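According to TrEMBL, the protein carries these features:
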type	residues	note
TRANSMEM	B:21-46	transmembrane segment
TRANSMEM	B:58-79	transmembrane segment
TRANSMEM	B:100-121	transmembrane segment
TRANSMEM	B:133-153	transmembrane segment
TRANSMEM	B:165-184	transmembrane segment
TRANSMEM	B:190-207	transmembrane segment
TRANSMEM	B:275-294	transmembrane segment
TRANSMEM	B:300-319	transmembrane segment
TRANSMEM	B:353-370	transmembrane segment
TRANSMEM	B:376-395	transmembrane segment
Amino acid sequence: MSEIPVLQVEDLSGGYSVGRPVLHDIQFQVNKGEMVGLIGLNGAGKSTTMKHILGLMSPQRGAITVQGKKREEDAEAYQSSLAFVPESPLLYEELTVREHLEFAARAYNVAKEDYEERAARLLKLFNMEEKADSLSMHLSKGMKQKVMIMCAFVARPPLYIIDEPFLGLDPLGIRSLLDFMIEMRSQGSSILLSSHILSTIENYCDRFIVLHRGEVIAQGTLAEIAEQAKLPGAALEDIFYSLVKGGD
Amino acid sequence: MELQELRRKRKSSFWSKVLPFVPYVIQSGVAVLFLLLLLAFAAWYTNFLQHIPPGLPVLWIMLFLLGPMTVYSGFRTYVQPADIIFLLPREADMKSYLSPAYRSGVIYKLIGLYIILILVWPLYIRSDVDSKPLWLVMLLLLLLKLLSAYGSWQELRLTTARARMWYRLLRWSVILLMLAAWLWQPAWKSSIFTVLVGVNYILALRFPMKHAVPWDNLIAAEKTGAAKVMMWLGWFVEVPADGQKVIRRRWLSSVGNRMPWQRSTAYRFLITKTFIRSELLGIVARLTLLGMLLTGWNGASWLGIGLYLFFTFLIGAQLTSLHQIHADSPAAAFYPLPAGAHKAETIRLASRLLLVLAVLMWIPLTAASWEDNLTWVLLSLVLAIVLVWGLKATWVKKWKEEDE
């Protein structure tokens with residue numbers, strides 16, 4: 001028997017008003033230990049897809065399961081199975097960096113010893129030790145993004161939903177994030193990652209989902225989507241360009 | 001668009017969002033209660049004026065009531081974060097935008113100050129102190145208010161947070177000293193003192209480095225000003241409580257760190273940390289101190305108990321604004337918090353805190369009347385506990401209805 005996918009999106013249609021769906025019959029899955037890149041132009045539906053997965057929006061049609069469970073079946077278990085890093089950092093101004101990590105660890109029921117060990121490592125990895133006791137309101141945008149990333153990684157759920165994580169990060173931060181994502185993947189975590197920096201994610205993602213105007217126009221490994229675009233051996237950027245131009 | 005016109009439009013846009021709530025404020029039970037209490041205060045004060053106790057520290061009361069109101073300065077500029085991009089090229093013309101903010105900042109606060117003065121004036125002239133004429137005190141308050149507003153505006157322009165803090169402290173000291181001099185000393189001595197200290201204070205303000213237009217400080221001050229209006233509305237009706245000023249309070253940083261380590265305490269951790277860094281904590285602390293002072297002064301008389309229960313209620317009313325904190329926070333939607341944690345933990349924190357504060361305010365009342373009026377002393381505590389329980393039950397019911 002094959003393993004249940006960590007994330008399964010089936011025939012998902014949805015949007016901000018009932019008569020006008022933004023997403024049309026989206027279908028994909030993310031398996032255990034897989035890093036999947038969700039790519040598309042601005043307004044293609046990447047963030048809307050992620051909002052549906054998170055439960056911030058309800059599907060008009062179709063279903064989403066995480067670890068085989070729908071959100072309606074057990075909201076708390078569903079939410080505990082994933083961590084989200086949004087495109088724009090959403091932090092509590094009243095909490096310090098360390099307190100954000102503690103809040104996330106408590107919310108995800110991480111054991112105290114694990115939290116302490118993970119927090120210390122993440123603060124060091126993302127070069128945030130000196131800022132650990134600063135209020136989030138006093139951080140730069142890149143540092144705020146680092147806090148969001150650290151909150152997700154302190155939780156260690158089976159699935160990470162990461163939306164444009166590289167925005168505002170310094171080169172060292174980008175490198176640390178990529179290395180850490182690889183480490184998480186090797187430990188069995190799954191990652192759904194959206195980014196416009198195609199040259200970077202090309203070397204890190206196992207598979208890609210190309211969204212265009214709310215539809216999946218191609219998906220698979222780099223070789224498979226190159227095949228679909230009739231550009232065997234091409235770089236992700238060229239494949240993507242050909243696919244979205246062809247879709248117009 | 002003309003900058004003055006832009007400010008006018010922004011001002012009207014802000015108040016058009018606030019004014020629709022005013023009918024609800026009037027309709028709310030809290031507003032009616034305030035009105036009744038005002039009437040009761042008027043009756044008590046009229047009676048009090050006819051029987052002023054000898055040796056009443058009237059000058060201290062004047063300083064206590066007028067001092068903070070004279071020093072306090074704030075300006076509503078209605079500036080927005082995007083102004084750093086769009087209005088920065090017109091920085092040289094910003095005087096026409098900011099001058100009305102400065103003027104109205106002084107005028108409205110001066111009106112409030114004069115109302116307090118008129119209220120306290122009968123007490124001042126009827127007591128056995130050497131009183132000064134009303135016109136002179138009004139003129140003095142106008143001058144001190146202008147000086148404080150000037151100082152406050154210059155503080156906004158200072159480039160470092162540390163300098164702003166020290167100059168704020170200096171302004172409070174200087175204005176309070178000048179007012180105290182006028183209350184306790186003859187006019188000629190006070191005039192010399194005021195001129196000397198005032199000139200030195202203005203000269204001192206010239207030394208530190210300043211921005212031409214302190215964009216970041218203006219935006220932060222405007223955010224706080226707008227949030228204060230919404231917080232005030234929040235005492236009566238449900239409005240979002242976003243954008244309120246966050247105060248670091250390092251000495252309280254460890255509060256909440258020893259909570260049991262489990263998922264159910266995650267939201268408790270968040271709201272506790274939020275509360276200790278909120279303006280609400282300052283408001284609640286000031287009310288508690290004032291409540292302790294007044295109940296201790298009046299003892300277990302009917303007035304003392306009335307004041308005790310009034311302050312317990314007033315603090316409870318303030319604590320209801322905890323309900324709005326993080327209510328619309330998108331982050332809360334993607335952290336796996338237990339269902340109902342927001343409501344349950346808010347009620348837990350508000351009711352426990354209120355109970356502790358009620359007991360704190362009861363201590364001076366007890367100390368004043370333990371020996372002569374034990375029954376009333378104990379009765380007051382029982383009534384306060386019943387009041388806290390009643391408020392808790394109201395919150396549970398009201399917020400449950402809202403959820404449904």
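Just so you know, glycine gets a Cβ as well, placed from its N, Cα and C.
Keep in mind that TrEMBL annotations are predicted by a computer and have not been checked by a curator.
Contact check: the transmembrane segment (B:190-207) against the transmembrane segment (B:275-294) gives fewer than three Cβ pairs closer than 8 Å, residues 6 or more apart, which falls short of the contact criterion. Contact check: the transmembrane segment (B:133-153) against the transmembrane segment (B:58-79) gives at least three Cβ pairs closer than 8 Å, residues 6 or more apart, which meets the contact criterion. Contact between the transmembrane segment (B:275-294) and the transmembrane segment (B:353-370) holds: at least three of their C-beta pairs are under 8 Å, each pair 6 or more apart in sequence.
Of the ranges B:100-121, B:165-184, B:300-319, the one with the most Cβ pairs under 8 Å to the transmembrane segment (B:353-370) is B:300-319.
Distant neighbours of the transmembrane segment (B:165-184): 59, 62-63, 66-67, 70-71, 132, 137, 140, 144, 147-148, 151-152, 154-155, 158, 190, 193-194, 197-198, 201, 204-205, 208; these residues of the same chain sit at least 6 beyond its ends, with a Cβ under 8 Å from one of its Cβ atoms.
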